[in-house]
Amino acid sequence: MQRLVEVESVSFEEDNNEISLRPSNWDDYIGQEKIKKNLRVFIDASKKRKEALDHILFYGPPGLGKTTLSYLISNEMNTNIKVTAGPMIEKSGDLAAILTNLEEGDILFIDEIHRLSPAVEEILYPAMEDYRLDIIIGSGPAAQTVKIDLPRFTLIGATTRAGMLSNPLRERFGMHFRMQFYTEIELAKIIQKASLKLGKNCEDDASLEISKRSRGTPRVALRLLRRVRDFSEVENEKSIHLQRCKYALDELGVNESGFDEMDINLLELLISNRGKPMGLSTIAAALSEDEGTIEDAIEPYLLANGYIERTARGRVASVKTYEMFRLSYPTSLKLEDDLTQGKLF
């Protein structure tokens, strides 16, 4: 069963809903202010020169608006955007077919770009750098390289694992942007705008309540909004109010910190280890969960908000987590922290 606070997997129906709620201009796009400010400068400069925008890499946890920003860039540049994903490009021929169908100034958006195979990456290098496609025809001594000129295009890559990108690929992006978690105020504004598009007003305090439980992630906020709206409509309420909102979210198993059962299980597991670090593989086995899911979908929010810490030996629960569970922080850990920070000498 899909987690309500899951940020990686998106159903077809939900993806269509997200598209309908997607902002169409910079003023409608809330959050990521520094990125927006820089992008507007680069886009304006590119339009004045009548050149294709330089290649862009967006990285950071899932659900923070990488795809939405790419569509916005397409709108601002008044160009077409073609969307694909790393796992869908299995062979170099697949990428060659996509590239040769691009037109001057088009944007190619590749999600999960870190999952491209090395063979596909090799095709991408000259395409990004020289707008040229090198295709090998035949094999052995009779093999020939055919060079095909490509229109000047912009590649936008998105990844949740920037560290898995090869250096040659990473270096070919002219702009690198790290997506940040959203503040509660930013999410509340997103929720209010989205609720009106859904035909259901969400009151200010209810919007803030949803934002508090959305893990700093718009995708989660919009998903929770739709579910809270369901509860409200069943009761024939004209708007979403705070009491209904709290009731719905509690029923859905999302607590005031935005944690669900999976988060609680992870934190309880770390606490049960009596302060000793746990490796990722051990955690995954204990929770019967995939390592990638833990690393990409569960950990980022817990790390960013100080609930868990990564050490050279593994993951440990932080003081904040012990306080949340109303437990005493292990003395051995406190002593180790003091030694590390030089507080005892």
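Here the Cβ of each residue, glycine as well, is placed from N, Cα and C on the backbone.
Feature annotations, reproduced from Swiss-Prot:
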type	residues	note
REGION	1-182	region 'Large ATPase domain (RuvB-L)'
BINDING	L21, R22, G63, K66, T67, T68, E129, D130, Y131, R172, Y182, R219	ATP binding site
BINDING	T67	Mg(2+) binding site
REGION	183-253	region 'Small ATPAse domain (RuvB-S)'
REGION	256-345	region 'Head domain (RuvB-H)'
BINDING	R310, R315	DNA binding site
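Feature map: Swiss-Prot annotations on the structure.
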residue	record	CB count, 10 Å
L21	ATP binding site	18
G63	ATP binding site	29
T67	ATP binding site	23
E129	ATP binding site	12
Y131	ATP binding site	16
Y182	ATP binding site	25
R310	DNA binding site	12
R315	DNA binding site	23
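Recorded residues E129 (ATP binding site) and R310 (DNA binding site) have their alpha carbons 37 Å apart, per Cα-Cα distance. Pairwise Cα distances among L21, R22, G63, K66, T67, T68, E129, D130, Y131, R172, Y182, R219, which the record gives as the binders of ATP, peak at 37 Å.
You'll find the Cα of R310 (DNA binding site) roughly 22 Å from the Cα of Y182 (ATP binding site). Each residue in the region 'Head domain (RuvB-H)' (256-345) gets a DSSP state, and the totals come to 50 helix, 9 strand, 31 coil. Computed over the region 'Head domain (RuvB-H)' (256-345), the whole-number mean pLDDT of the model equals 84.
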